[in-house]
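Visitor: I am attaching a structure below and will ask some questions about it afterwards.
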Amino acid sequence: MLDIKKVRQNPEIVVEALKKRGANLNLDEFLRLDEERRKLLVDVEQKKYKRNTVSEEIGRLKKQGLPADDLILEMRALSDEIKKLDDEVAQIEEKLHAILLTIPNIPHESVPVGKDSSENVEVRRWGEPRKFTFTPKAHWEIGEELDILDFARGSKVTGARFTFYKGLGAMLERAVINFMLDLHTREHGYVEVFPPFIVNADSMMGTGQLPKFAEDMFKLEGLNYYLIPTAEVPVTNLYREEILDGDKLPIYHCAYSACFRAEAGAAGRDTRGLIRQHQFNKVELVKFVKPENSYEELEKLTRDAERVLQLLGLPYRVVVLCTGDLGFSAAKTYDIEVWLPSYNDYKEISSCSNFEDFQARRAKIRYKEHPKAKPEFVHTLNGSGLAVGRTVAAILENYQNEDGSVTVPEVLRPYMGVDRIYKK
């Protein structure tokens, strides 16, 4: 959520900044309501001052044994008027808050201006795509032929875009999760948390999924609960409505979770295989930092996610998202895209974002430099470290062999106890 003072004092700057996102924002209603609210607050303060003056006069008259009936009636009338005005102010503040919740974050000045993903800017590449001496297969073909992925039964049991992992496929998924968590906790300094997979609406509001993206979420019928679309939601809200000790910042957390996304409008090739599932596993990285360090922390976060792919030996590239492709809550985002031979292209496997104080304002996460200091909003960051299903897909495709087997990346062998996946 944007700072209401920034919107009030510099509406033209906010509108122009959000135009770069492709958002045609009209702040007329917001500014009208804000002006009405401020006038009402002045009126309230004047009436409270008058009520206090009348109250003092009533006290003076009573001490002298003089009647004060008329003044008592006047004070009651003033109290009724103040209550009515307070109710009006509360209603207007509710409307202002609702409008603020729909306004996306302002892009950082370093974000390239562009209309959509075609104008994202490549930053760097790592590794060379493998040159096969045979025609490589897609991961869904490999998984079915090795009998380690069962899409048909997943569809039968639940519906489209649900999958059973079987045998060494299930073991590979688990190995990837454990490898990522071990790397981030032992080498990158993250503290692991294991969060709830169900959160309330306040948590979804805090990270920016609600109200804008309600149709992409799975809501539990009859309850104010949602299945999490990412561990970002519960882990960020871990400190909702708290004031943190500035000496304890930065705070780094990593978390494994299942993720659930309705994505009603999703279509095309990505809905085949493991690329775009309704349920998938992910290891998430979340940071709470001081504002002056947040962009340095974004670079570190991105490098931490990249390290997973480097150790797995998977070619990838990093792109910075342009303004038109930027997520609702993000001020700046790097996407890490892994090479998938079946696409003959790079596919997103991680998004690493700095939200600045956008989520912290919504979730009321602040910190104090010292006990007597004024609380300030933290900056929050998060990134996938990584999406597990897409990592498995990349391993199957990049490490496939002509005989139909798949070589297990060296760093995963201690977790699996095998160096190759064969059909049994």
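Heads up, residue numbers simply count up from 1 along the chain you see.
Cβ coordinates are placed from backbone N, Cα and C, and glycine is handled just like the others.
Pulled from Swiss-Prot, these are the listed features:
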- Thr230, Ala231, Glu232, Glu284, Ser384: L-serine binding site (BINDING)
- Arg261, Ala262, Glu263, Glu348, Ile349, Ser350, Ser351: ATP binding site (BINDING)
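Locate each feature and note its surroundings.
Guide: Counting every protein chain shown, the number of other Cβ atoms lying within 10 Å of the Cβ of Glu284 (L-serine binding site) is 30.
Annotation note: Ser350 (ATP binding site) sits in a strand segment as assigned by DSSP.
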Visitor: What span in Å does the L-serine site cover, taken as the longest CA to CA distance among Thr230, Ala231, Glu232, Glu284, Ser384?
Guide: 9
Visitor: Looking only at Arg261, Ala262, Glu263, Glu348, Ile349, Ser350, Ser351, which the record lists for ATP, tell me the maximum pairwise CA distance in angstrom.
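Guide: The span, Cα to Cα at its widest, is 19 Å.
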Visitor: If you count Cβ atoms within 10 Å of the Cβ of Ser351 (ATP binding site), leaving out that atom itself, what do you get?
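Guide: Cβ-Cβ neighbours of Ser351 (ATP binding site) within 10 Å number 20.
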Visitor: Between Glu284 (L-serine binding site) and Ser350 (ATP binding site), how far is it from one CA atom to the other, in Å?
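Guide: Per the Cα atoms, Glu284 (L-serine binding site) and Ser350 (ATP binding site) stand 9 Å apart.
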